[in-house]
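This report refers to the structure that appears directly beneath it.
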Amino acid sequence: MYGLNRRSFIASMTGLLASATLLTLIGIGRGKKIRPPGVLEEDEFVSSCIRCGKCVDVCPTGGIKLDYSDLYDLGTPVLEGYCAVYTQLVEPSQEKNVRFKRSRENAELCLRCVDACPTGALKRLPLKKIKISIPKNDEEKCTKCYVCVAICPFDAVSVGKDGWPSFDLEKCIGCKQCAVLCPPRSITHEPYGR
């Protein structure tokens with residue numbers, strides 16, 4: 001049928017797999033990913049990470065997972081959930097985050113993933129230099145409830161002149177807590193351009 005015998009099929013599949021592998025290894029078709037805190041340069045991170053999974057094991061939110069979506073960075077960690085940033089915000093809630101923002105006494109940075117990294121692929125950076133992801137608000141879904149404004153631990157979200165939530169990317173580290181606590185789920189995050 002269709003002039004395709006077993007040998008032709010295997011040869012075609014082998015060629016397809018080899019092409020996909022080559023394109024992945026040279027970076028064509030490779031998408032950016034949301035990484036845990038402490039990544040400065042993507043290529044440096046990928047070459048330094050030994051794929052041990054220690055960052056996954058120690059993440060108190062369970063937000064870090066190992067990624068198996070392409071061959072270039074197979075088994076490296078991505079942030080699928082959210083980053084607590086502070087141990088007090090491991091389980092964020094509107095009430096807890098607002099209370100935390102009012103009184104930052106005894107604020108303890110989490111960054112357990114950085115401390116667990118045996119190779120330094122995740123680096124301990126000053127809080128102002130941590131950039132994980134970039135928030136986006138879908139105005140079609142947004143109800144202007146401003147929960148994101150109230151809960152952001154970095155005061156990076158405000159009400160813009162047009163009434164929509166506005167993100168200050170200088171203050172925002174991309175922890176994704178706004179997305180987790182957004183009632184209509186209008187906030188998403190994109191990888192930070194490295």
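Every residue, even glycine, has its Cβ placed from backbone N, Cα and C.
Here the domain '4Fe-4S ferredoxin-type' (38-69) has long-range neighbours at 32, 75-84, 87, 90-91, 110-125, 130, 176, 194, meaning same-chain residues at least 6 beyond its ends whose C-beta is under 8 angstroms from one of its own. Feature annotation from TrEMBL assigns domain '4Fe-4S ferredoxin-type' to 38-69 (among others).
Sequence-distant contacts of the domain '4Fe-4S ferredoxin-type' (98-127) (same chain, at least 6 residues past either end, Cβ-Cβ under 8 Å): 36-40, 44-45, 48-50, 52, 54-55, 57-60, 64, 77, 83-90, 150-153, 155, 173. Annotated domain '4Fe-4S ferredoxin-type' per TrEMBL: 98-127 (among others), in sequence order.
For 133-162 (among others), the entry in TrEMBL reads domain '4Fe-4S ferredoxin-type'. Within the chain, the domain '4Fe-4S ferredoxin-type' (133-162) has long-range Cβ neighbours (under 8 A, six or more residues past its boundaries) at 34, 79, 85-86, 89, 92, 94, 97-98, 100-101, 168-179, 181-193.
For 163-192 (among others), the entry in TrEMBL reads domain '4Fe-4S ferredoxin-type'. Across the domain '4Fe-4S ferredoxin-type' (163-192), the DSSP tally of helix, strand and coil residues reads 5 helix, 8 strand, 17 coil.
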